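In what follows, a structure is listed as structure tokens, so that the remarks can point back to it.
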């Protein structure tokens, strides 16, 4: 295309010259110097080349210079333009301007020339010139879309920090020139400058579609995964791609290698994987520029970051030998000496450098080294902090005006900033600021720095952790918690984050979550046991978990720690101590009392309680101790002592109501005296007369089954206060609670006829709705709403409630449109209520906002049911505007996001919900679901465990947990949860849910017969029956969990002599499965498809050609209706394999392998990958098979078959040790039940010369299968012989 274009040839030669091939470039330049348009720039390039050569020939340079002057006098417009362009490229802006000005003059204002002049101004670095640049671009772009001009204008906007303007200009280029890649690169950079990471990475992907080796796009991908996502493995992979691209496209560009290494090494948080790659890059750069001191210095820096201090020092010294005046190299040596503790040498060097610094200005690096030296020499805080402040001032001054991008990341140098913050923390408070206390200025400085780092490099874990710590110490636990949650999600094994999270939860008095954080922390860092807070929170968790003996030990140990009885000023503990305030100290004593009491150590409990009484006498916490004392007396079977204590509580004291309720409980429970029980509430009503105490008395009568007395109390109170709706309703509710529904309806109707209690229309309609008398309920509500338009606030509020209840009635009747219309009317009325209530009833605002939220949520619920998800989201969000802490609404919104497969939004919503309500079971379940879908099994297990700790007999959760533990490779933990469920209730062993869970565990553990027995006990249950039957069918069809259709183990494992017997067994199993299928009565369309799939799996299992072909046809029909139906595609593949049509089977399996994994089809995905791996193994494509098997194990670490295949591959490759390792895992996860796996394991132990292990496995196989062929002769005897020799 450009073959004969001299300009193209010139720039190709210029590239050769820039790569350092000077002689080759000179020869090439000779060939084009006569071309008129490039004559001047060619001459200039020749001069430039001679000057770059190791031994420049001065005579030739002078001769060429003279010729250049002669040619310049007669040069035309084009020659002058390209000469100016070349001079600009080599950085000679002023000289270039002379040529361009002359070119513009002789061409009467050439647009080309004006655009180039704009570029010269915008890149010269002078503010006055930059301001003028846009004028030249605009003049050059009149009536045109010159790409070079538009790129210049975009550059101008970037220089003026108008990144949106630059982006708009670049989009203009792309619209006219969609194949001009530099515009895409600039667009990507501007999107990053605007901190729009998602758009930037999308543009990078577009670039790579156009140019697979685009260096800037690959670099953006690597930076995205490193800085934005904190995904080190992916970042390392992309960095590897970048290095490959650089090797292909820029193999002789040491400066580019150097800059690339620098930006990644400074932002990776010293990740070893990344640093190895950046070191390799720097070594490559140094090989090309081995005489460059700067390159040697930067190589030393790479080694220093990896802790290779001696090697780094050698590089710095090598740099000094290349350039004795190199300050960076000397700085590097000083850093190394500081690390080695050579403080005197460091001090001398820094004094020398300090003199230089005074002449050239302050250096951040040198100020930092001086600060560290001052710290190590025990200098005062003021001196060190002043130096650190200088470091920050100098460091951030270099970032001014830089957009977010590669250069910004390099100069921001987060690694250096983290070092500075860690020095600051030596002088920061060690305990969190209390409410209202001023925050330390040092913490504010640290927060300011870290906010910048976390905002620009959100994936950097160390920075996020330090930011969380600063927020915690500043008294902002919520912010700290949010940051730490991200840290833990990014790296669940980050011990420091778990412990800081525990401290945050402690500050919030959230002991359950604190305990979990401590457990995680302790598993990663054993030293936290020395922390007093660890003991306190651990004990509180132990009491909650019914482990009083352990709690006593923990608390007694903690009792002697500084800060428990008296606040200590210091501690010898390595871990910093947290002081405990008065309220927490009381809690500590009371927890110890409770632990002793629960442990049956009453005497010890009394002793500790007496200590508490003495310790807290006269404090506001004294009454808490008294009530605890009463509880203890009760546990000692001394109700009289408890009553004596409680009688001393006076009505004016804040715990009076609780004391009276406790007394009432004692009279009823211990004395069995109903009269005294009621008298406590009567006394309470007389001493503190209120609606609440009347209700308490009435409720007391209800509790002792005296509803008539209760109604009398309610009515008595109602006479005194006829408009007290709560009392009126209690009468009706009392009747309802006694199941006297007809009497309750009569009461409501009589009250309504009297005209005194119109507000009871709601209660009556609600009761009618409960009794499913929907038409009557509708009639009551329509009558209540049949009135003229009202304007008073009370009537408006009442009408809103009627409309809401009417919507519920319509919903029950299946009239969805009427329900939504009624809710819309309620919403319109409620908007009026909200406007007026702000002025008329300010105290009712929260309740009315809550009602508004409920109305919006109901509309959203109906919209979601009609699959109008956008409308549903709109109304759920509106609900949260009115009540941002409504857990129910947040949960529904999260469910809606889940239904739309918007996992991030769902997770965000669940996180918010669990922040408000950590014990929210549905949200915890959903978070577990999300973690499961994201294959974060550890975190999912954690959430499920939370639920089971609260409800061990929650079998829906337990069944999910069993599946998760299997996928996490932790099936051995399941019996603990089954035991918890058994212990929880004596009826557990009769519960179908328990049997289902037990069956599931046995099935996964390789005990199909035991699993069948337990599933059989659940198969008639409404809740568990259908799943139990499906599982029974799967076990019948494939009891040994073989790869159906697979050929690898077909002849290895089978007993050919009993093939007839085996076929009869298979046919019997199929008939059993078919009988079970008849029990299934699916209620949904999806259920019918599932049944059809299973029916055809039964046909496939017969392995009879006619049946298999029939099944294949059915599977094909299902796939025609739903092209990505994984179970049907797997069915097709299996059928093709049985019909010996392997290529067709492979095609279907490849389709599945390209799909995104989902938890619903998890089993089918696994079976598909295993079958495809089987095909690849048959074809000796072990690498491809291996990748699929690894995928299986990523999703299911207990996948016995995957390990077996991996073992087979290793065995084929004669890697017997590796084969044995994989067979070991297959043997373990197969519950040591398969003799075939046992045989292979023993065989590979034998080959690996592990004779004792081989013998042990042989014994286990022969114990279960005494006649298993060959194992005794081929392995056992040989192993024994080998052992003897």
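Residue positions begin at 1 at the first shown residue.
Quick reminder: no glycine exception, Cβ is built from N, Cα and C everywhere.
TrEMBL annotations:
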DOMAIN    2-201  domain 'Tetratricopeptide repeat protein 21A/21B N-terminal ARM repeat'
DOMAIN    238-508  domain 'Tetratricopeptide repeat protein 21A/21B second ARM'
REPEAT    293-326  repeat 'TPR'
REPEAT    691-724  repeat 'TPR'
REPEAT    725-758  repeat 'TPR'
DOMAIN    727-880  domain 'Tetratricopeptide repeat protein 21A/21B fourth ARM'
REPEAT    921-954  repeat 'TPR'
DOMAIN    923-1037  domain 'Tetratricopeptide repeat protein 21A/21B fifth ARM repeats'
DOMAIN    1072-1280  domain 'Tetratricopeptide repeat protein 21A/21B C-terminal ARM'
Q | Proximity verdict for the domain 'Tetratricopeptide repeat protein 21A/21B second ARM' (238-508) and the domain 'Tetratricopeptide repeat protein 21A/21B fifth ARM repeats' (923-1037), three or more C-beta pairs under 8 Å | A | yes
Q. Under an 8 Å Cβ to Cβ limit, what residues of the same chain, 6 or more beyond the ends of the repeat 'TPR' (921-954), are close to it?
A. 489, 492, 512, 516, 545, 887, 890-891, 894-895, 898, 903, 906-907, 910-911, 913-914, 960-961, 964-965, 967-968, 970, 977, 980-981, 983-985, 988, 991, 993-994, 1157-1159, 1194-1195, 1197
Q.
From the DSSP assignment alone, can you count helix, strand and coil residues within the repeat 'TPR' (921-954)?
A. 27 helix, 0 strand, 7 coil
Q. Which whole-number mean pLDDT does the model give the repeat 'TPR' (691-724)?
A. 76
(Q) Please count the residues of the repeat 'TPR' (293-326) that DSSP assigns to helix (H, G, I), strand (E, B) and coil. (A) 27 helix, 0 strand, 7 coil
